[in-house]
Every structure is written in C-alpha cells, then in structure tokens.
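Chemist: One structure, as structure tokens, below. Some questions next.
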Amino acid sequence: MANVAVLGAGSWGTALSIVLADNHHEVRLWTHRAEQANDINESHTNKKYLKEVSLPESIVAYTDLKQAVQDVTAVVLVVPTKAIRDVCKQLREVLDHKVTLIHATKGIDPDSLKRVSEIITEEMPSDYYDDVVVLSGPSHAEEVGLRQPTTVTVSSETMKTAELAQDLFINEHFRVYTNPDIVGVELGGALKNIIALGAGISDGLGYGDNAKAALITRGLAEIARLGTSMGSSPLTFAGLTGVGDLIVTCTSQHSRNYRAGYMLGQGQNLEDVLEHMGMVVEGVRTTNAAYKLSKEQGVEMPITHGIEQILFQNAEPKDVVDQLMTRGRRHEMEDLTNVLSD
Ligand SMILES: NC(=O)C1=CN([C@@H]2O[C@H](COP(=O)(O)OP(=O)(O)OC[C@H]3O[C@@H](n4cnc5c(N)ncnc54)[C@H](O)[C@@H]3O)[C@@H](O)[C@H]2O)C=CC1
Ligand SMILES: O=C(CO)COP(=O)(O)O
C-alpha cells in the first residue's frame, strides 16, 4: 500500500482521504490551518467541512508540507482553483522525488484562462511527475464520506498514469473509469458549475422543473460547444464528467454552486451569498473565465453570458431569464450537429 499526500483539507480533500484510507493507504492530509489539523488528529473529524463523518485513524493531518510529502508515492491536489498556483509553488520547494500527481479541482483560472492541469504543468518541474492526472465526475463529498455509491473518471496524457490513479482510488463504493480526453474531462467539471448556479437561480426565482431541464440540456449544448472548440471530444460531454456531473450539481442540495445560485435567485447579493457559504463556489470565477473564453473562441454561450451579467453586471435574474427566452429562434438539430462536426 502507498503513502499518499492530499493537499487541501476542505470537504473534497477530506472525502477523497477517506476513500484512500479505506483502500489501506497511509494518508497525509495537509492543511494550512493548525486548528483544523488538531481537530482531525484529535477528534478524527473535520467539523467545518464534512460534519457528521468520522475519519479513519489512518488519516493524519499535517501543517508542514515538507513532512506531508516526504516519501509519498502520490500527491493529490484538492485546493480551490484560486490557490492551485500558490500551492504548486510551495510544493516544488519541498518535493524531492517523483510522484503520481493527481488533481481533483474543478475550475478555470479567469486571469490566465488556463485549466488546472495546465497551471500545474507550468508551475511544477517535469522531473517530479510523468503526467498530471485529473479526477472528476459526479461526486459530492457528503455522499462519498458516507461511502454511498459514486462513479468518477480519471484522465491524463498517458493511460498508464491514469491507471495508477485508478488503482489508488477504486473500491466497491467508489468506481473509477479512465478517459484519455483530459481537456474534455477538465472542462466538463469546471463548466457545469456555471449551469448549476443557473439552476439554483431558476429555483430561487420560483421557476419549476421545466426551466431546470431546459438549463441542463441547453447548458450541456453550450459546454460541449466551447469544449469541442478547445479540442475536447464531444463524446466526453455525454459521460460522467459531462452530463453526469451536470445533473448532480444542478439537482443536489449538497451543491454549493446550486445553493449560491438559489440565494441569488431570491434576491441576495453576491458578496453576502459568498460570505454565507463559507466554502468555495468555483462557478463564480469560472463564469468569468468561460465568458472570456467564449469571446476568444467565438462560441455562443447565452446561459453563461446571462449568468455573467447577474454575477458581475448587477443584472436582475428575472430579466436575464426573459432575455434567454426571447432570443432569436434556433434549430436544435443544427446546434447539436455543429458540436459533433467541430
Ligand atoms: N465538495 C465537493 O463535493 C467537491 C469539490 N470538488 C472540487 O474540489 C475543490 C476543493 O473544493 P472543496 O474541498 O469542496 O472546498 P472547500 O471550500 O470545502 O475547502 C477548500 C479547502 O482549501 C483550503 N485552502 C484554500 N486556499 C488554500 C491555500 N492557499 N493553501 C492551502 N489550502 C487552501 C481551505 O482552507 C479549505 O480547507 C474545488 O475545485 C471543488 O470544485 C470536486 C468534487 C466534489
Ligand atoms: O463538483 C461537485 C460534485 O460533483 C461539487 O459541486 P459544488 O462545488 O457545487 O458543491
């Protein structure tokens, strides 16, 4: 069994640590907060981020990054997108051997417009890993922590590295598939958060299931349009990291993006909503990134543009829905065929 460092002790880092501990790996869960490390090591809980789940004793929290990564076989990065570059900078100072480098973060950086694996590749010298592996899919931490059936996908440039990650995580509760389309896997995981904000907004406005089904379906069409324009396979968006993650995030009360959207739909302002959440709502920054990417790639993304207006231009959610509903007429089959032929 392996020694694995998990960097980021939020809800997802903690849930993934449970999966690894169940697979008999020695898990070093790194946090930059001493109080949280004490909570994990003394009471075997992570109260703020994954309450009501008790952690296996083989998960040990560290605040010293050098100690956390000493002699580990794999490093799993699970901090928010905003922190990835900084954590990689710290990691490269202390890592002194080659590891399997995995990330489970879902976002696009609005400044560089880079995917998370691209940021990691920029910051981490290539002699420390073969390829970066992405782990993504429909997987709320709250359910993974309770060992409820969950499926995810791992992806990297080479199948061999993806399979190393698959071996580390797969068990009877947590089924791990591989997919070679790293661009599509990362974009699906990041972009669905925008549509989940929209689904929450729609429910917050009091609209019903028809509206939500429309958002999910037309949201998937625009995710696939941007994804294929950036080199993804359209098929990936029919898989776990595409429609799978879109469904779970748009329909689950666990989703922070959905819940933040709901509060926005009810009329609260963004600053108050984010303060209330106290956990990362990746869709906010990713909306900004996707808005810029859609302009750069010349791809139509009306839902993303509408959500950008609500988040950053003070647009009224109801006006944005009205705008979406009264756009010029479209031919559905033509839209879908364009994605397939891109
Ligand atoms: N929560 C979930 O169910 C899932 C989350 N994800 C993704 O995982 C990533 C992390 O999300 P969560 O764990 O849910 O977030 P969270 O808000 O629960 O926790 C984030 C953690 O990162 C730490 N952190 C923030 N900045 C840091 C820095 N500069 N250095 C070190 N640590 C830092 C925080 O202290 C906190 O422990 C996000 O990209 C999210 O989209 C993916 C799948 C499921
Ligand atoms: O990515 C997730 C589930 O697959 C988690 O989504 P939220 O960040 O919206 O909670």
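The backbone N, Cα and C atoms fix where each Cβ goes, glycine too.
TrEMBL labels come from automatic prediction, so no person has curated them.
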Chemist: Per TrEMBL, what member of LYS48, LYS51, LYS66, LYS192 joins LYS106, GLY137, SER139, ASP245, SER255, ARG256, ASN257 in binding sn-glycerol 3-phosphate at one site?
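Modeler: Only hit among LYS48, LYS51, LYS66, LYS192 in TrEMBL's sn-glycerol 3-phosphate site, alongside LYS106, GLY137, SER139, ASP245, SER255, ARG256, ASN257: LYS192.
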Chemist: Which one of ALA141, ALA213, ALA214, ALA221 goes with SER11, TRP12, HIS32, ARG33, TYR49, LYS106, ARG256, VAL280, GLU282 at the NADPH site, as TrEMBL has it?
Modeler: ALA141
Chemist: Return only the integer: C-alpha distance in Å from ASP245 (sn-glycerol 3-phosphate binding site) to HIS32 (NADPH binding site).
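Modeler: Given the Cα positions, ASP245 (sn-glycerol 3-phosphate binding site) is 29 Å from HIS32 (NADPH binding site).
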Chemist: If I restrict to non-local contacts, at least six residues apart, and a C-beta distance under 8 angstroms, what lies near LYS106 (substrate binding site) in its own chain?
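Modeler: Set apart from LYS106 (substrate binding site) by at least 6 residues yet with Cβ under 8 Å, we have THR81, VAL116, SER136, GLU186, GLY189, ALA190, LYS192, ASN193, GLU282, THR286.
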Chemist: List the binding-site residues GLY10, TYR49, LYS106, ALA141, LYS192, ASP245 whose Cβ sits under 6 Å from any atom of ligand 2, in sequence order.
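Modeler: Those binding-site residues that pass the cut-off, since their Cβ is under 6 Å from ligand 2, are LYS106, ASP245.
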Chemist: Given a 10 Å Cβ-Cβ cut-off, pick out the one of the binding-site residues SER11, SER139, SER255, ASN257 that has the most other Cβ atoms nearby.
Modeler: ASN257
Chemist: Out of ALA9, LYS106, LYS192, ARG256, ASN257, VAL280, which binding-site residues lie by ligand 1, with a C-beta less than 6 Å from some atom of it?
Modeler: ALA9, LYS106, VAL280
Chemist: Report, in whole Å, the straight Cα-to-Cα distance of HIS32 (NADPH binding site) from ALA141 (NAD(+) binding site).
Modeler: 20
